[in-house]
Amino acid sequence: MPVCPDGGLRTQTDAVLSCILSYCRHGMCVNKELDLQPVHGEWGLWGPYSVCSRSCGGGTRSNTRDCNKPEPRNGGKFCVGRRMKFRSCNTEPCPRGQKDFREEQCSLFDGKHFNINGLPPTVRWIPKYSGILMKDRCKLFCRVAGTTAYYQLKDRVTDGTPCGPDTYDICVQGLCRQAGCDHVLNSKARNDKCGVCGGDNSSCKTLAGTFNDAQYGYNTVVRIPAGATNIDIKQVSYSGKPEDDNYLALSDGQSNSLLNGNFVVAMFKREINFKGSVIDYSGSDTKVERINCTDRIDEELVLQVLCVGNLYNPDVRYSFNIPIEEHKEQFMWDPSGSWLECNRICQGQRRRKAVCVRKSDHLEVSDQRCEDLPRPVAVAEPCNTDCEVRWHVAGKSECSAKCGPGYRSLDVQCMKYVLMKRQSERMEASACGDTAKPQTREPCHGDCLLKSWQYSAWSQCSKTCGRGSRSRESYCMNNLGRRLADRDCNEYQRVVTETCSDQPCPKWTVSEWSECLVTCGKGMRHRQVSCTSGTGDEKMSEHFCDPSSKPPAVGSCELPECASWQVGVWGACAVTCGHGYQMRAVRCVSGTYGDTVDDRECNAAARPRDSQDCEMPACPWASPVQSTPRPDNSAQLTQWRYGSWTACSVSCGKGKRARYVSCRDAQGGVADESNCAHLPRPPESSACFSPCGQWRAGEWSACSVSCGAGRTTRQVVCSNYHQPVDQSFCDPDEKPATEQECTGAPCPPPYNRQRINDQPYGYPQDPGRHPGHSSWNVPSADNQWRTGPWGACSSTCAGGFQRRVVVCQDADGRSNSYCDERVKPAESKSCDSGPCPLWNYGVWGECTQTCGGGRRTRLVVCQRPSGQRLNDYNCDILDKPPDMEQCSLQPCPGSASWHRQPWKPVR
């Protein structure tokens with residue numbers, strides 16, 4: 001058994017303790033008290049983005065981070081999370097006529113035959129698309145030109161290569177990732193039917209037609225012009241069987257056959273690559289032979305039908321879209337588009353993106369409108385000139401030799417220096433890639449000390465942030481690894497404490513308050529409260545922040561007082577005797593001064609009654625005493641009586657309401673309705689409308705997780721006239737979602753509890769600097785106001801107003817809160833539908849009696865100033881003049897009646 005230098009035994013594997021005072025480690029005895037603890041790895045900073053993988057057509061840039069703050073040691077755990085992330089770059093379309101990007105990669109192997117039998121030294125490679133498995137689309141398969149033989153030449157294509165000719169998705173690190181027609185990763189932008197990315201289908205028109213003539217051979221059906229999109233062609237078999245002796249054929253404008261030429265017909269499905277556009281053909285062995293192409297074709301295409309055999313009439317149906325004719329001089333390139341990103345972290349250059357605009361109003365349009373115009377020279381300027389990056393030796397290890405010549409390691413770091421602020425920041429090594437990295441090892445000479453201080457591992461920091469301290473044990477050891485008394489090393493410097501955790505502590509950050517959840521009165525508002533790192537550039541779990549100091553996420557808010565119903569005093573009873581009705585004014589008012597507003601601003605369900613029954617003294621009734629019977633005047637002293645309307649038959653929307661209507665005599669008794677036939681009968685039922693509730697949704701809450709995939713929620717209430725009501729008043733099928741998935745930023749590394757290295761050259765760390773902080777509360781150029789259609793005018797006459805929805809949305813159509821309020825479109829405008837109708841009345845008719853009480857009537861109608869007669873409900877019912885009144889109330893002469901005289905005293 002081997003023996004340790006101080007007399008202890010050691011094993012062959014160092015796995016078993018065998019020294020009395022020491023461990024055996026790599027053939028050396030190490031003091032038990034110096035045994036190293038596991039150090040778990042944590043992520044370092046994200047480095048700068050790499051150079052774009054493509055110069056046009058949508059490439060990618062990547063940046064990485066390393067598990068080196070600190071590196072895992074002594075059996076510690078490795079970092080968990082994403083090491084690399086990507087973003088899109090150079091998304092502008094490539095110039096017309098440029099090679100396909102996959103074709104460029106295949107052509108790099110031209111002339112290389114890889115010792116494959118039968119391949120000539122001048123072999124030419126072209127991309128292979130069809131027949132490749134979906135999982136292999138991001139491998140480079142190339143075909144030998146002129147043959148069907150193909151081979152895999154690379155394990156994966158260059159990042160940014162389209163996954164196939166029929167998709168905008170692109171390959172990233174050998175995997176197919178979603179991209180839009182704008183060549184941006186994770187974009188959902190798609191071409192419209194005109195082939196315009198993100199277009200509104202307004203720049204083209206559809207042409208369609210049929211062809212049914214049969215002559216032997218090739219018959220030209222239609223010439224499809226360059227620029228056409230969404231080509232769809234069908235040839236339906238006359239017999240319902242695949243064999244009908246009529247076959248579709250294609251050729252280019254120079255009569256070069258593309259499909260089914262020279263009387264040779266393809267029976268099965270195939271793809272045709274026509275000048276970069278992919279045309280799908282169903283094959284002739286089908287009942288409905290079909291050709292379709294969603295791409296925009298750059299050259300003319302000639303559609304033909306081949307008729308052979310018995311010459312049955314073909315049934316060809318075609319449609320395609322062509323651009324609406326525009327004069328080229330209407331558009332031009334504007335070189336002063338938005339600035340692109342700086343190409344370097346420091347001392348770089350940025351350029352403006354040229355955009356296609358309409359000359360008349362300088363409106364930005366699709367680049368396809370300017371594709372035939374020469375692009376201007378890019379405008380460029382220096383950027384990030386206030387800093388520089390260079391290599392810096394941050395530290396040196398101890399000499400490998402205790403005595404004599406040896407080597408020591410150098411900690412060489414790439415540093416960014418902000419010249420004016422005298423600040424420095426560590427960067428990834430790739431940021432200094434333009435200059436050679438210095439050597440990481442240099443010779444040294446040991447001091448030949450016979451004794452020195454040895455240390456244990458550092459203790460945990462007393463604070464996880466905000467600057468704490470940590471300590472370690474020290475031991476005086478000789479060069480043979482034997483411990484001595486501390487006094488024997490007093491002549492040497494001993495370091496047992498140091499500061500640590502200099503980074504700022506996590507803190508609560510809040511977003512702006514949302515709009516009040518009500519549009520009037522008192523309500524609630526929300527805001528997002530999240531725990532972020534001290535620099536504010538990273539979202540963290542809430543347990544890192546002090547819960548007792550967490551700001552409230554919900555607060556109260558108060559808007560101008562809600563509109564309410566105001567009632568007037570009851571008017572006089574409509575009759576002077578018997579049973580009648582009386583009315584009062586009911587109006588919707590708002591504001592401090594009680595301004596009258598549209599009734600729709602108030603809650604219809606709470607509207608007070610504007611009419612009620614009234615009872616006057618019994619009408620006078622003279623009993624006849626003559627034997628000659630009087631004419632029956634009961635019909636002239638009767639009136640219709642009606643009760644109150646029932647509640648509407650529906651809680652909201654259009655419904656029915658009813659009331660009791662009866663004919664009453666002068667004493668209030670029920671009379672036959674024929675006695676009231678001289679008067680218009682009030683309706684027993686009528687339509688009614690109760691406004692339905694509307695769903696109102698609050699702001700989305702913060703994501704349930706600080707990173708990765710989680711869920712977010714929001715409050716959805718049913719509201720009627722700005723007040724919450726039961727959900728039964730709203731349509732359940734139209735209720736907005738209360739919960740949805742959300743994706744946060746890539747998960748941050750575990751909070752770094754290690755000491756931040758001292759800044760080189762003594763540059764202080766700026767505590768107010770937030771390098772990763774984005775100005776999220778500044779309106780983005782991608783956000784814009786979007787308006788809905790104008791609603792109906794609030795009044796059918798005179799002055800009213802119209803409203804429309806105005807929302808702020810980002811480039812993807814999602815709701816956003818930050819648009820420029822200075823250019824917000826109007827949400828309401830005045831409208832005038834002409835003067836209101838008024839009551840018009842004629843002269844009184846003759847009284848029905850010359851004495852003893854009669855009635856007279858007149859015509860009262862609701863009319864427009866033009867004379868057009870309208871229903872009564874179009875005029876103000878409270879202002880309607882009476883159309884009937886009593887008359888000839890004096891007693892009739894000669895009629896016998898009792899007359900009462902004053903009492904006389906009794907004698």
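Every residue gets a Cβ built from N, Cα and C, even glycine.
Annotations in TrEMBL come from automatic prediction, not curation.
For C89 (disulfide bond), the same-chain residues 6+ apart in sequence whose C-beta sits under 8 angstroms from its C-beta are Y49, C52, S53, R54, G59, T60, R61, E341. In the three-state DSSP reading, C89 (disulfide bond) counts as strand. Residues or ranges marked as disulfide bond in TrEMBL: C52-C89 (among others).
Per TrEMBL, the feature disulfide bond maps to C56-C94 (among others). In the three-state DSSP scheme, C56 (disulfide bond) is classed as coil.
Feature annotation from TrEMBL assigns disulfide bond to C67-C79 (among others). Classification of C67 (disulfide bond) by DSSP places it in coil, neither helical nor stranded. Sequence-distant contacts (6 or more apart, same chain, Cβ under 8 Å) of C67 (disulfide bond) comprise G41, E42, W43, G44, F78, C79, R83.
According to TrEMBL, the feature domain 'ADAMTS/ADAMTS-like cysteine-rich' maps to 100-204.
Under the heading domain 'ADAMTS/ADAMTS-like Spacer 1', TrEMBL lists 207-323.
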Proximal but sequence-remote residues of the same chain as C94 (disulfide bond) (Cβ under 8 Å, at least 6 apart): C56, G57, F101
